Amino acid sequence: MVVRQYNEEIKYLEKINPYCWRIKKGFQPNMNVEGVFYVNSTLEKLMLEELRNCCRPGMSGGFLPGVKQIANVAALPGIVGRSVGLPDVHSGYGFAIGNMAAFDMDDPKSIVSPGGVGFDINCGVRLLRTNLHEKDVLPIKEQLAQSLFDHIPVGVGSKGIIPMNARDLEEALEMGMDWSLREGYVWAEDKEHCEEYGRMLNADPSKVSLRAKKRGLPQLGTLGAGNHYAEIQVVDEIFDKYAAGKMGIESIGQVCVMIHSGSRGFGHQVATDALVQMEKAMKRDNIETNDRQLACARIKSVEGQDYLKAMSAAANFAWVNRSSMTFLTRQAFAKQFKMAPDDLDMHVIYDVSHNIAKVEEHVVDGKLKTLLVHRKGSTRAFPPNHPLIPVDYQLTGQPVLIGGTMGTCSYVLTGTHQGMTETFGSTCHGAGRALSRAKSRRNIDYKEVLNKLETMGISIRVASPKLVMEEAPESYKNVTDVVDTCHAAGISKKTVKLRPIAVIKG
Amino acid sequence: MDEELGGISEEYYDIPPVKYEYLDHTADVQLHAWGDSLKEAFEQCGMAMFGYMTELEYVQIKDVHTIEASADDLMGLLYHFLDELLFLFSYEPFLICKKLVITEFNTQEFKIVCRCYGEEFVIGKHPQGTEVKAITYSAMQIIDDPKDNKYEVFVIIDI
C-alpha cells in the first residue's frame, strides 16, 4: 500500500551514480536491508512515473510499483546484501519481475519464496549456433520458418509430439537433461553448456502433485505461448571478439537459433501448489510479510524443502523441454539443408534460467556464505574463473542470453567480477513490459505489426494473431536500453548482438 | 463424458449474455465479471477465462463435465473454481467451455459444483488465443452486495 505523497516517498530514494539508485530503509516497513535498482535516464523516468501514479489519491491497493516491491522483498527474513532491481524491473506478484534476493542458508529465519522464482519455473533461453551464413538461409527462409513452425508445437492447447508416458515423465523430472541424453534427443556436450548441466540433483518427483504431472505430460516438448518464442537470428554486431570466438561466433551474419521457453503448465502448477502450502505454514511459523503474495516458508521447514525439491523437478522439466525443442530444431534444419545437424555445427552455446532459486556461495561482508539466491526475471551472470561455469568459458565468463522482444534484437553478454560483488552474479533477463496487454490489444493493429515485421525482412509464424499485438515491441521497454544499462553499470558485458530473421510464436 | 448428452433439455443450449470484460494490467490480464447474483458473477468469470484462450463463437456444446471446488474462504473458492476449470482444459478432457452452470454454490461451507458445457479443444477448429498459465490472488476482489444488487469479481490471471 502506498500511503505517502510522492514528495515524501522520493526522499527515501537516492541516486548513487548515473546507473544506480538506492532505496533506503523505511521506504517500506520492516526493511532488513536496503534496496537498489539499476536504470539509465530513460528507464529511470518509467520507474519514477510508476511510483508517482500510485501516490495519487484514489488509487486502490493490489498494484504496487516496482520500487515498492523491491523494498517489500528487502523486508523478508534472512535477506542479505541488498534487494536488487535489474534494469528491466517491472511490477509482478509479490516480487517484482527483474528482482534478485539472496537469503543466508545458515540463518534459521531465512525463507524461500515461490514468488521470488516466478510461476514459470526455469523459464530460460537457449542459444544454438550454426555454421550457416545469412546468405545461405535467405533463399529458403520462408520454408525454414515454416519447417520450424511445423516441427515445434506452439500456442494454446498444443501438445508435445515426442512420445511420453507417465513413467517417462517421472524419469525426466528426476534426471533432467540426462534423460534427454539417454533417449537420444541431445548431444553429450549440450549438457556442458547448460546451467547445472541441465539437471538439478535435489529434484524429487514425489514432491510434485499429480495435478502438476497431469498438466505437464501433454505439454512436454511444446514452446508455449505468451512471450515464448523460437527465433532464427543472425549476428548483427560483435562487441568482444575474443569472448564471441570462445562461443563459436566468428562473423557478422552467422546464423543462430534462440529458444525462449520454460516449464509450461507444470511449473505453474508446482508454484501454485506451493503457495497454498506456504500460506498455511506462514500462520503456523508466525512469518509476517508486507504483502500476501510474498508467501514464503522457512528454508529448513518441510514446506520450504518440499518446494525446493519440486522446483528442481520443474527446472528439470524445462531443460528437457528446451532439449526436445533443440532436437526438433536440429531436425528441421537438417531436412532443409540435407545435412546432418553435426555438419551444420548446431551446438548449444549456452542455456540460462531466469526464473529460479539456486544455492550458491558468495562473499558477504568479507565472509564466504552459502546463500539461497532467488532470481525472478533475472539471469545468473558468473564471472571468469568461476568454478561452476564450463571450461571453455573460464577466461571469458558465463554467457548470458538476453532475449529481445518480437522483431527487435537479442544480446549475448558475459558475467563480470563487479556483478558478482554487487548483485551476487545477477543481471537482467530481457526487455520488461511497458504497456499492458489489454492496452496493446486496443491500440495496436495486428496487421500493422505483421507488415512492419515483413518490411524488416522478418518471417513470422504465429499461432495466435491477437498475441501479435500484445507482443509487439511497442508493448515492451527497449532491450538495448536495458542491456546498455547493465553494461554501463558493470554488472555484465556486451558481447554479441543478434537480429531475428524468422520468428515462431504461440 | 460423465453424462448422457440426451439428458439435457433445449434450454441448456441457450448461451447467456456476456457479462465480463478484460482490464489493463502490465504483464497479465485482469478479468472483471458481474451478474445478478454472486453465482452468476463466478460463472461469467469462468467464461471470461475461456474467452481469452480462444474465440467462443467457434466452440460448440458437445460434452458436459462436472467439476467441484472447495476452500476455506470466499477468495479461495473463486481461486479453486477457476483452477479446476483451467485443469479441465489442460488435461483430459481438454475441454473448452461454452457455458457454465453452477448447480451448487455454498458460501457458508465454500463449496461449488459446476456443470461445464463445451467440447474438446482442437487446433485448427478453435482459434488459438492466449494461454492461461495460472490463477492468482493478486488484486482479487469479490463484491457481494445484495443491498445495491452489486455482484462483481476481479481476478488477475497469469498469461
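From the backbone N, Cα and C atoms, a Cβ is placed for every residue, glycine too.
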Record says A:Asp120, A:Cys123 bind Mn(2+) 1. Source is TrEMBL. Which of A:His90, A:His193, A:His228 does it list for that same site?
A:His228
Of A:His260, A:His417, residue recorded by TrEMBL at the Mn(2+) 2 site of A:Cys123, A:His354:
A:His260
Cβ neighbour count (within 10 Å, all chains shown) around A:His260 (Mn(2+) 2 binding site)
26
Based on Cβ atoms within 10 Å, give me the single least packed residue among the binding-site residues A:Asp120, A:Asn227.
A:Asn227
Going by Cα-Cα distance, pick out whichever of the binding-site residues A:Cys123, A:Ala230, A:Thr405 is nearest to A:His354 (Mn(2+) 2 binding site).
A:Cys123
Restricting to the same chain and to sequence separations of six or more, state which residues have a Cβ under 8 Å from that of A:His228 (Mn(2+) 1 binding site).
A:Cys123, A:His260, A:Ser261, A:Gly262, A:Lys505, A:Gly506
For chain B, which of the binding-site residues A:Asp120, A:Cys123, A:His260, A:His354, A:Thr405 fall under 8 Å by Cβ?
A:Asp120
Of A:Asn227, A:Ala230, A:Asn355, A:Thr405, which is closest to A:Asp120 (Mn(2+) 1 binding site) if I measure between C-alpha atoms? They're all binding-site residues.
A:Asn355
Are there any residues at least 6 positions away along the chain from A:Ala230 (GMP binding site) with a Cβ closer than 8 Å to its Cβ? List them or say none.
A:Leu148, A:Ile152, A:Leu223, A:Val257, A:Met258, A:Ile259, A:His260, A:Ser261, A:Met325, A:Thr329, A:Val503, A:Ile504
On a simple 10 Å Cβ count over all chains shown, which one of the binding-site residues A:His354, A:His429 is most densely packed?
A:His354
